[in-house]
Amino acid sequence: MLDNEEFLLDNAPRELTQNPLRKIWMPCKNGMPAVHIAQRRVCMTNCPTLIVLVGLPARGKTYISKKLTRYLNWIGVPTKEFNVGQYRRECLKIYKSFEFFRPDNEEGLKIRRQCAMAALNDVRQYLSVEGGQVAVFDATNTTRERRGTIVKFAEQNGFKVFFVESVCEDPDVIAQNIVQVKLGSPDYIHTNTEEAIEDFMKRIKCYESSYQPLDEVLDRDLSYIKIMDVGRRYLVNRVLDHIQSRIVYYLMNIHITPRSIYLCRHGESDLNIKGRIGGDSGLSARGKEFASRLRKFIQDQNIKDLKVWTSQMKRTIQTAECLGVPYEQWKSLNEIDAGVCEEMMYEEIQEHYPLEFALRDQDKYRYRYPKGESYEDLVQRLEPVIMELERQENVLVICHQAVMRCLLAYFLDKTADELPYLKCSLHSVLKLTPMAYGCKVESVCLGVEAVNTHRNRPEVGIAGTKQWPRLFPKPTGSVTLDSFMWMSHKKKKKAENILRISVFIRRN
Amino acid sequence: GSAMGQQPASVPQFCNSPTMIVMVGLPARGKTYISKKLTRYLNWIGVPTKGQFLNIKYRKACASAALKDVSAYFTKEHGQVAVFDATNTTRERRAIIISFAKERGYKVFFVESICEDPEIIAENIKQVKFGSPDYVDRDIDEAMEDFIQRIECYRANYMSIDDEKDRKLSYIKIFDVGSRYLVNRVQDHIQSRIVYYLMNIHVTPRSIYLSRHGESELNLSGRIGGDAGLSSRGQKYANALATFMRGQTIKDLKVWTSHMKRTIQTAEALGVQYEQWKALNEIDAGVCEEMTYEEIQENFPEEFALRDQDKYRYRYPKGESYEDLVHRLEPVIMELERQENVLVICHQAVMRCLLAYFLDKPADELPYLRCPLHTVLKLTPVAYGCKVESFFLNIEAVNTHRERPVNVNINRNPEEALHTVPDHI
């Protein structure tokens, strides 16, 4: 007997139907989806996970929280960070001085405890009610007692807990941290630099005496990673599941060495000029001009040890060749596979596959081309690229429109909804430089004309509304996309034809 | 300047200088287990790695001979990683290795296994030591006692990597078979991957079942690829598979399929939850999708011959190669390492790649591994390798295995090319 069995009452195999948007085969009964048991990819967690940061102020906790949250969301794990300092600011309104954080300040302690509780409440809301999978609890959490409270809270709610401790005694790193993110904090907005630094150092002192770092013996039953000296050394204890393993791997690959990442597309290609998507064509004359200007641009940037990466498609390789430096080809950087629509013009897709075209506009992120890929698939195949980008320092990535959108969305924390509509024009270079908690973006246009390949989000109308036009007079109103999906083949054909006609009418 | 001065690889170059992985630890701490597994994994992902150098457990003289072998492996055989499996328990021994590597510009990464749990140690000893020639025909208890004495000899001089004195070294310490790890100064991509791998493997007994989908409609007509449903025999297989798996009485079985209809239909018959992985999809045959081999020969005779010349690296036009497949299956392998009992319902080329990983088959054998329809392979890790049990579930199916023909020349005639094509409708 298999433990997790659910015996079907009859032995007839369930019919399978393919979701028209994502091209995923799912069981169905009587034309409607049956109990949904198949998932798109490996389940990251069974129960939600609470990641708890630990460490003195200015140890990079918020930096780690934000970065980790951004990464997890990008790979498709709904994650949210909860910064207790924010709660404190909302409560106090005005920050006076480090005195608030003194260990003998009863009033201060009370407020801080309340803020932590309020944050935990919101965590509970997010994980248990709103469908979040990971919550990142960003606070000092420097005492065993506080951590004990959190563990108990997690147990009561069925959350797994994973601690991330940052330990660092290097005064240069701490100073750098203070200058980069503390001086600009709302707490110090009305204070001059010297006073701010002095106050902040005293603030750190308030925590030091009661700091109980995670202990190899006392805390041996907890799951945690201890990051020492900004990643020089790690102690990892009791990794419980897949998501914790991925988190550990990610945290062990990130660094804070200053560097820049340059993103650009290949030079304009022959298929670009013809308005066709995909394919594997070479550069147009203008594309070649771009490549030579790119060479000059890179030389002028005077970058130390620049790595250059391309896809395995001719147009990116041709672009890199002009640079005259070694480059690495990554198949994972290949453009999105448009399947049956490869090398078609949008007008042709509209004509031959109007339904597909409409579905794509419906949900461009999840839509998978027949025999092709979706943006969602792209993100999954780009994950190792992102991981290696995190490890590297200065890199120039010469890629493609959809690919560049995915990478950009990772660095600029864009949602799945925005991602497929990010503007990534031909012949311009984006220079991304990590700064404070985010990324500075500089866009450089190299002054070579090119076709525009960007298709905006379509306006509300036939293609893009949640409601379909009244295809079949239904007493309850218009047919929704959901019910459309489970219609019989004959009905779908009819709907498609109606769609074709109405598009034709609109156009003319 | 062009790409890297060498053949552009389909996967990025992992390391510039060769790397020596040096195992550290008392006997019976799993060093050989880890070495062999790591070597197998690295070779599978395309990093030429060797784990077998002179057996030098005892004397300094032997150590330098082994190091010479390492050097030869890197320079003459173009190896990238050498796994140096010995006790390496003294700082002196390790210092010799470090200076050897420094002289030649090799990177060094230490892997130390620390364990004081007597049960684990006893289990290790039983599993792997009693096969060694030293112990043939001796009483097990006496042998155990003898071996424990041997360990004590090492313990007297054992110096663990020192977190203070050795803080400039790159290493990972594995405590108690993976409940805790200490990682210090990871230098590059390959070391990062090694650390990730070591942190995901475990020794809990379990079995992995590999099977293809039931016979499909396209299988019947000898066509490759596509997204067809099961034939009636394929459906019978799915039911037989369900019966078989129930008979195996497995605790907490996970079931994985690809995104293709035929694997999902097969899983449906099991009546349990399953997970779909796009990464498990069959190799993309590009322009040759849904063709028969005869049609490929007729339309793309040159491609067909090139494929026979190097089936592992050959990429279908607008499709994939086995090499690409391995790259996309790596996260599947990583998750299989983390999991316990799993049934993977996949496809011929995919199953060959997974099997090659578990059975340590090299790239040139991989594309010719036999993975017939309607047969389940049960893999059970045992000692340093994997036990394989094959179960044919007695439902007839077409043969889809095409052997390498004798003539792989582009100019061969069609009969020579099609000589090994299996029968179909």
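Yeah, the Cβs are placed from backbone N, Cα and C, and that goes for glycine too.
If you check TrEMBL, you get these features:
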DOMAIN    B:10-50  domain '6-phosphofructo-2-kinase'
DOMAIN    B:55-205  domain '6-phosphofructo-2-kinase'
BINDING   B:Arg212, B:His213, B:Gly214, B:Glu215, B:Ser216, B:Glu217, B:Leu218, B:Asn219, B:Arg262  substrate binding site
ACT_SITE  B:His213  active site, tele-phosphohistidine intermediate
ACT_SITE  B:Glu282  active site, proton donor/acceptor
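Feature map: annotations from TrEMBL on the structure.
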| residue | record | contacts (Cβ under 8 Å, 6+ apart) |
| --- | --- | --- |
| B:Arg212 | substrate binding site | B:Ile345, B:Cys346, B:His347, B:Gln348, B:Met351, B:Cys371, B:Pro372, B:Leu373, B:His374, B:Thr375 |
| B:His213 | active site, tele-phosphohistidine intermediate | B:Leu230, B:Gly234, B:Met260, B:Arg262, B:Thr263, B:Gln265, B:Thr266, B:Ile345, B:Cys346, B:His347 |
| B:Gly214 | substrate binding site | B:Leu230, B:Ser231, B:Arg233, B:Gly234, B:Gln235, B:Lys236, B:Tyr237, B:Ala238, B:Leu241, B:Arg262, B:Gln265, B:Thr266, B:Leu373, B:His374, B:Ile395, B:Ala397 |
| B:Ser216 | substrate binding site | B:Gly226, B:Ala228, B:Gly229, B:Leu230, B:Ser231, B:Gly234, B:Arg262 |
| B:Leu218 | substrate binding site | B:Ile224, B:Gly225, B:Gly226, B:Ala228, B:Glu290 |
| B:Glu282 | active site, proton donor/acceptor | B:Gly225, B:Ser258, B:Met260, B:Cys346, B:His347, B:Gln348, B:Ala349, B:Val350 |
**OP:** Can you see whether DSSP assigns B:Ser216 (substrate binding site) to helix, strand or coil?
**Re:** strand
Subject >> Listed in sequence order, residues not in B:Arg212, B:His213, B:Gly214, B:Glu215, B:Ser216, B:Glu217, B:Leu218, B:Asn219, B:Arg262 with Cβ within 8 Å of the centre of the substrate site Cβ atoms >> reply: B:Ala228, B:Gly229, B:Leu230, B:Ser231, B:Gly234, B:Leu373
Original post:
Around B:Arg262 (substrate binding site), how many other C-beta atoms are within 10 angstroms of its C-beta?
Top reply: 30
**OP:** Restricting attention to the domain '6-phosphofructo-2-kinase' (B:55-205), give the mean pLDDT.
**Re:** 87
Original post:
Can you check what DSSP calls B:Glu282 (active site, proton donor/acceptor), collapsed to helix, strand or coil?
Top reply: coil
Subject >> Short-range recorded positions relative to chain A, from B:His213, B:Leu218, B:Glu282, with Cβ separation under 8 Å >> reply: none
Original post:
How far apart, in angstrom, are the most distant Cα atoms among the substrate-binding residues B:Arg212, B:His213, B:Gly214, B:Glu215, B:Ser216, B:Glu217, B:Leu218, B:Asn219, B:Arg262?
Top reply: 14
